[in-house]
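J.: Annotations for this protein, taken from TrEMBL, read as follows:
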- 1-90: region 'Domain I, interacts with DnaA modulators' (REGION)
- 86-100: compositional bias 'Low complexity' (COMPBIAS)
- 86-129: region 'Disordered' (REGION)
- 131-347: region 'Domain III, AAA+ region' (REGION)
- 164-295: domain 'AAA+ ATPase' (DOMAIN)
- Gly175, Gly177, Lys178, Thr179: ATP binding site (BINDING)
- 348-467: region 'Domain IV, binds dsDNA' (REGION)
- 375-444: domain 'Chromosomal replication initiator DnaA C-terminal' (DOMAIN)
Amino acid sequence: MDNFWQTCSAQLELELTPQQFSAWIKPLIALDYEDGKLRIAAPNRFKLDWVKSQFASRITVLASQYWEAPTEVQFVLDPRNNLPKKPAVAPGAPSASGVASDPRNGSADAAPGAPPELFNIGNSPRREQSRVNTELTFDSFVTGKANQLARAAAIQVANNPGVSYNPLFFYGGVGLGKTHLIHAIGNQVMADQPGARIRYIHAEQYVRDVVTAYQRKGFDDFKHYYHSLDMLLIDDIQFFGGKSRTQEEFFYAFEALIAAKKQIIITSDTYPKEITGMDDRLISRFDSGLTVAIEPPELEMRVAILLKKAQSEGVTFSDDVAFFVAKHLRSNVRELEGALRKILAYSRFHGKDITIDVVKEALKDLLSVQNRQISVENIQKTVADFFNIKVADMYSKRRPANIARPRQIAMYLAKELTQKSLPEIGELFGGRDHTTVLHAVRKIALDRTKNPECNHELHVLEQTLKG
Ligand SMILES: Nc1ncnc2c1ncn2[C@@H]1O[C@H](COP(=O)(O)OP(=O)(O)OP(=O)(O)O)[C@@H](O)[C@H]1O
């Protein structure tokens, strides 16, 4: 229940203004969930009526998504508000149950509307608490040259958590299977040790947890929760970049877990030293275990993935069709999955067998993007002309700002407008490492959102390149 409410209120916090959130959502408590019925308590009749009229449908959608079943939401008055007042207790002091006191229990010094303890583990089954996706297993993970090392390390850690490689750090571009692999580890450990306290968390959610703990002065609960896990799976840790309070809290959790020989598995879009805005002491700790890259899948692996995913949808793809799709879509597995969904939807809707012609029709948009044939060479030339530098500077090792920035812009455009992978782009820019390209892509993407002049330049370049 705590997990659900944390997820639901984090989502609502994103959707509402801070005033709306703290006035209407923060005072609510998710009481229980049974047989598709979720009960939420409001502190008084006025709030109950307002929340019901304004937010019931959104909470219903979020709850139905969370439990993957239609859910009916009932709003009730908080039963604890009717309890006789207890003598004052210092907020956060342990009660007889050993749990920090809930300031809403009517004690004289309680802050009205303050939340219950944040990270109370509650009684839900360990599997639910873990947030591990049961579908992402080793069995459904296709292996090839691009990920065989990562998979081997993952299996080793799943067999000996806390012993072999700690932390285990996976890095690679988007949609290449990092998340899948850490869930697979979680699933295996959970099957072997059903009592283990495992937690999968996306780094953005961890940041939100820190913010919430900060706002609610709930760091004791936060620490208690994270430091007492048996295994922490943390995804996309690059989101910690520049967030010093989060990094500090994570550092303590990291030290506590490693000292207790509890396994930590981390993913990132780049290797530790390249994560921007990350504290050096964390980087050196990330490096202290095993760091493994996951590369973009090669052709045969893309074919194998398509065949396996089609099979799991109950559809048989001919090899011709699988090769056709895999040859044209080269960037990552997520893109392949998207293509597969489009093909299946198209063939079902039109009642047609899956042939190459049907695939061409179903993927018309995706393939036309491919066929625009904007080459990296073309991008380098256009950008060099635009900034009045030599094309050769695109490959050179020189780094003055008047050259480095156009080069980064060209790398960004190469990633945006071609199907080349990061290593392929790096190769075409004088044999640079893929992490350098990734850094450039992220930097320019960020500049673009912040700096209208940069956005305008990119717009002009894109229009020129697209003709
Ligand atoms: N080797 C694989 N075998 C089967 N499915 C895969 C494989 N690699 C990735 N996938 C699938 O591709 C999709 C994207 O993978 P995933 O979310 O793990 O990528 P990621 O590397 O974590 O990307 P991001 O950094 O964008 O989060 C998922 O549905 C995943 O199950």
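Please read every residue number as a count from 1 along the shown chain.
Placed from the backbone N, Cα and C atoms, the Cβ positions cover glycine too.
Curation plays no part in TrEMBL annotations; they are all automatic predictions.
What's the neighbourhood like for each of these?
T.: Secondary structure of the region 'Domain I, interacts with DnaA modulators' (1-90), assigned with DSSP and counted as helix (H, G, I), strand (E, B) and coil, comes to 49 helix, 18 strand, 23 coil.
Within the model, the domain 'AAA+ ATPase' (164-295) carries an average pLDDT of 92.
In the structure as shown, the Cβ atom of Gly175 (ATP binding site) sits within 10 Å of 18 other Cβ atoms.
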J.: In the domain 'Chromosomal replication initiator DnaA C-terminal' (375-444), how many residues does DSSP put in helix, strand and coil?
T.: 51 helix, 0 strand, 19 coil
J.: For the ATP site given as Gly175, Gly177, Lys178, Thr179, which other residues of the same chain have their Cβ within 8 Å of the site's Cβ centre?
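T.: In sequence order, the nearby non-listed residues are Gly172, Val174, Leu176, His180, Leu181, Thr267, Ile294, Val333, Arg334.
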J.: Across all the protein chains here, work out how many other Cβ atoms are within 10 Å of the Cβ of Lys178 (ATP binding site).
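T.: So the number of other Cβ atoms within 10 Å of Lys178 (ATP binding site) is 25.
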